[in-house]
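Peer 1: This structure is in structure tokens; I'll ask about it shortly.
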Amino acid sequence: MKLSTHLVFPFGLILLVLIGASLFFGADTPLAVYFFSGVLMVIGAATVTLSPRSTVTPPMMIAAALLIGFLVLDIVTGTIIGGLPGYAGLAAAAAVFLTARTIALNSDNVAPAWSWLMFAFLLLAGWAFFDFVINPDTIHDRPRPYHLGRLSAAFLSANTAATLFGTGMLVAMTGLLKAVQRTGTFRPIDLVEGLFRHGTLSLVSFLFCAVCLVLTASRAGIAFALVCLVILVVWQLAALRRSQARATGETSGSLSWLIAGGMAFIVFAAITVFAMSGDMAAERYGELGQDSNMRAVMFATYWEASMAHPLLGSGFDSFSKVNARVMSADNAALLAGQGAAHNVFLQWLLQKGWLGALAMFGTVAVIYWKIWQGLVTRRRHKLYLRGVLMIALFVSLHSMVDYAVEIPGFMWWFALVLGLGAGIAAGSSAERT
């Protein structure tokens, strides 16, 4: 891994803070949110101030104005006290996004920053794996409150851990595909040598993240991650095939073997990591029908609850009150232990109403669109943009059935990945087609 000491601040520091937040129960308490958010906002402010390039764009200013506007509304309506941790977490996510975007604006930073990101995920996955193997029912020497027998890292929720390690797996696969691209040849012997030379970190990070993902036994997390993984591999290898065809006028047979080998690697890796999980994941898939019915009832209940305050919602940190209000004898067994709606759109409808939900999802949609535009117009680093888009797809899909993006410790990782993608997409005009 290239050291690139100039990335120690701010990127290395950001990674250390995010690792700390992940290990501290995802920073999912008010005090933890305030502490980690404060550090991240200071880093973000310093990065933007010290950057020789302008990093704040009109869409970012609009997003900041919307955040401030909703903050003022909460002050006026008297819901600000409970909502402060939510605003702190969002402000920190914006700071992480800006920091990562600023770093990625310089194309020379992209590859080493991605390597550092893979290393950070390897550290988290390695710790989570050995902690689970040694003490599967405890976390930081304390009993796990739920999801016993499933890897949950320090998030306590195995499904949140699945979103994290699914993201890490896609980050590492992007690195592996970059190693394939860097070999400059598709002959099997040279390719293997190139993978060991350029892709060792990517391979180790991929395997640890994949094993951790399967050990979470998260059905949706595993399924969505595998779908996005296959799309990423096929997409990149097809791009290599087109590039070679343009350069030589014909497609090499060795590249065809590479595509087949890539699919074989995915199958082999899937079989290996599933075997390491025993029967746990398979048993959970056997319960899919029953759980789907329960989720349908839960989603219908929360949808009706969101109609009580459709415009502005009930405020951040209001879920427990909403949950208690809609609980009845018929659904008490299902809703009593819930701490979130398990659907990011429903969660935002409940908390901030249609205005807040549309503002948030509109902001995210603009980021996705900018990254996609970068993929179309950039000459360099297209693979990284494909990786970011597949990570965005994975997180978006899993967020429809779970709540990882509501946990600050994961939301900030996602903001970091999107920031890197946005910075690569913006890039230099000299690097556009």
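Keep in mind that glycine also has a Cβ here, set from the backbone N, Cα and C atoms.
So TrEMBL lists these for the protein:
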type     : residues : note
DOMAIN   : 205-360  : domain 'O-antigen ligase-related'
TRANSMEM : 7-25     : transmembrane segment
TRANSMEM : 31-50    : transmembrane segment
TRANSMEM : 62-81    : transmembrane segment
TRANSMEM : 87-104   : transmembrane segment
TRANSMEM : 116-134  : transmembrane segment
TRANSMEM : 154-177  : transmembrane segment
TRANSMEM : 198-216  : transmembrane segment
TRANSMEM : 222-240  : transmembrane segment
TRANSMEM : 252-276  : transmembrane segment
TRANSMEM : 353-371  : transmembrane segment
TRANSMEM : 383-404  : transmembrane segment
TRANSMEM : 410-430  : transmembrane segment
Peer 1: Counting Cβ pairs closer than 8 Å, which of 87-104, 116-134, 198-216, 222-240, 383-404 has the most of them with the transmembrane segment (410-430)?
Peer 2: 87-104
Peer 1: Between the transmembrane segment (7-25) and the transmembrane segment (222-240), are there three or more CB pairs that fall under 8 A, provided the residues in each pair are separated by 6 or more in sequence?
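Peer 2: Since fewer than 3 Cβ pairs under 8 Å link them, the transmembrane segment (222-240) and the transmembrane segment (7-25) do not come into contact.
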Peer 1: Could you name the stretch, out of 62-81, 87-104, 154-177, 198-216, with the greatest number of CB pairs under 8 A to the transmembrane segment (383-404)?
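Peer 2: Out of the listed stretches, 154-177 contacts the transmembrane segment (383-404) most.
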Peer 1: Do the transmembrane segment (154-177) and the transmembrane segment (87-104) share at least 3 Cβ pairs under 8 Å, sequence separation 6 or more?
Peer 2: no
Peer 1: Can you work out which residues elsewhere in the same chain, 6+ from the ends of the transmembrane segment (116-134), have a Cβ less than 8 Å from its Cβ atoms?
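Peer 2: Same-chain residues near the transmembrane segment (116-134) but 6 or more away: 1, 4, 7, 11-12, 15, 18-19, 22-23, 151, 153-154, 161, 164-165, 167-168, 171-172, 175, 201-202, 204-205, 208-209, 211-212, 215, 416-417, 420.
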Peer 1: Kindly state the mean pLDDT of the domain 'O-antigen ligase-related' (205-360) in the predicted structure.
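Peer 2: Mean model confidence (pLDDT) across the domain 'O-antigen ligase-related' (205-360) is 80.
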